[in-house]
């Protein structure tokens, strides 16, 4: 990329900057949840909603981000994304109640939903096609560093300052990014088709109310009748979307996608698989602090081996899948992740703390292999004219399943524990033990889906898409 103009390189730095902000925020909050609960006078069992409100908002807003960028311009939308993310961070730091914090996190989520996909779109428009892969590697590298720094930085700020600083550090960074975006980034626009607003609203309502209903009376205090009403509204909204999308060429996500068997299996497996794995980044630091008495900084440091294992495994995933095939790899990694989850719980409760970094490193390796395999399986056989829509739907499902996973983890803690789990409680470790056992079972269940995947070992990761028209 050395032959790119200076202006283009600066624009790539701005996109990389946004990727770093968004990825850092996905992990920096987890370590601070117990301290937030104490400061806000809430039970730790309710704090999972701090994560859910952000991730669910990202899932809801993702389908609109690309259309908005084409319609209004990538610079305008990227600038708006940074401003909303920064304002959300400020309001998070100023929050005095859990409800205020949840609203501020939702505002952050609107910005986060637009930042990454619009950043990818910007790279496509400013660099030559032959340099696109190198440019994407450059801008996504900070996004890989964010999860590595997030847990430890969050723990450090909580332990030596306060939880408010995990949000306040975004403000000067966001101001610099917003100014640089206005000054340096071109405002590319494209002719767009009419946005499927009806489909967008139906999906948004369905996802939001079903997730809220899943949280149930344990997390929200809603009555059983209200929860039943939410479930009914959510199901009706999703059914109406299916009717809306049938034979509709302008639907947000075409139902023709599901005629490709590997896409259907991969999407179902990704949804179920990420529900289980989405629990782990939330539960691990909470368990280390509340269940075992680790300090926030120590708990954050313990998360680093998991990220390192994930980053290291990415280099050889292609060779592994090509050697053994999708079915064997996905079934093995799904069951393996369940076993590693049990191993982590066992070694932690036995007090073998020196073993935990190695277990978490192994967990990161297994999870990374499974994620990469699920992603490529889902998209590899889609025809060209459906590839973009399929990728957008996969991105939305990834975020939605993570929010559901965190919600279920909070629900399990509430089911097995009292309203106020604390380090001093004699039943705390028992509560966490039952929760981890339930999580291990949930993590293993998608193996039944992956067992149905054709085990073609010759065309696994080479996504040289054949030119086909959608049927």
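Quick reminder: no glycine exception, Cβ is built from N, Cα and C everywhere.
Going by Swiss-Prot, these are the annotated features:
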type	residues	note
TOPO_DOM	1-11	topological domain 'Periplasmic'
TRANSMEM	12-32	transmembrane segment
TOPO_DOM	33-48	topological domain 'Cytoplasmic'
TOPO_DOM	70-76	topological domain 'Periplasmic'
TRANSMEM	77-97	transmembrane segment
TOPO_DOM	98-101	topological domain 'Cytoplasmic'
TRANSMEM	102-124	transmembrane segment
TOPO_DOM	125-137	topological domain 'Periplasmic'
TRANSMEM	138-158	transmembrane segment
TOPO_DOM	159-164	topological domain 'Cytoplasmic'
TRANSMEM	165-185	transmembrane segment
TOPO_DOM	186-196	topological domain 'Periplasmic'
TRANSMEM	197-217	transmembrane segment
TOPO_DOM	218-224	topological domain 'Cytoplasmic'
TRANSMEM	225-245	transmembrane segment
TOPO_DOM	246-262	topological domain 'Periplasmic'
TRANSMEM	263-283	transmembrane segment
TRANSMEM	286-306	transmembrane segment
TOPO_DOM	307-341	topological domain 'Periplasmic'
TRANSMEM	342-362	transmembrane segment
TOPO_DOM	363-395	topological domain 'Cytoplasmic'
TRANSMEM	396-416	transmembrane segment
TOPO_DOM	417-430	topological domain 'Periplasmic'
TRANSMEM	431-451	transmembrane segment
TOPO_DOM	452-471	topological domain 'Cytoplasmic'
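Non-local neighbours of the topological domain 'Periplasmic' (70-76) in the same chain are 118, 121-122, 125, 181-182, 185-192, 195; each lies 6+ residues outside the stretch with a CB under 8 Å from one of its CB atoms. Counting only same-chain residues 6+ beyond the ends of the transmembrane segment (286-306), those with a CB under 8 A from a CB of the stretch are 27, 30-35, 44, 47, 148, 150-156, 158-160, 348, 353, 356-358, 360-361, 363-364, 367, 421-423, 428-429, 432, 436. Spatially, the transmembrane segment (431-451) is adjacent to the transmembrane segment (263-283); three or more Cβ-Cβ distances between them are under 8 Å for residues at least 6 apart in sequence. The stretches the transmembrane segment (263-283) and the transmembrane segment (396-416) meet in space: the count of Cβ pairs below 8 angstroms, excluding pairs fewer than 6 apart in sequence, reaches at least three. Sequence-remote contacts of a segment are chain residues at least 6 beyond its ends whose Cβ falls under 8 Å from one of its Cβ atoms, and for the transmembrane segment (225-245) they are 198-199, 202-203, 205-210, 212-213, 216-217, 251-255. Nonlocal intrachain contacts for the topological domain 'Periplasmic' (246-262), taken as residues 6+ away from its ends with a CB within less than 8 angstroms of a stretch CB, comprise 63, 193-194, 196, 199-200, 203, 377-378, 380-383, 386, 389-390, 392-393, 453-454, 470-471. Across the topological domain 'Cytoplasmic' (33-48), DSSP helix (H, G, I), strand (E, B) and coil residues number 12 helix, 0 strand, 4 coil. Counting only same-chain residues 6+ beyond the ends of the transmembrane segment (77-97), those with a CB under 8 A from a CB of the stretch are 14-15, 18, 21-22, 25, 40, 65, 68-69, 103-115, 118-119, 122, 164-165, 167-168, 170-171, 173-175, 177-178, 181-182, 185. Proximity of distant same-chain residues to the topological domain 'Periplasmic' (186-196), defined by a Cβ-Cβ separation under 8 Å and at least 6 residues beyond the stretch ends, is recorded for 11, 64, 67, 70-76, 122, 125-126, 248, 250-252.
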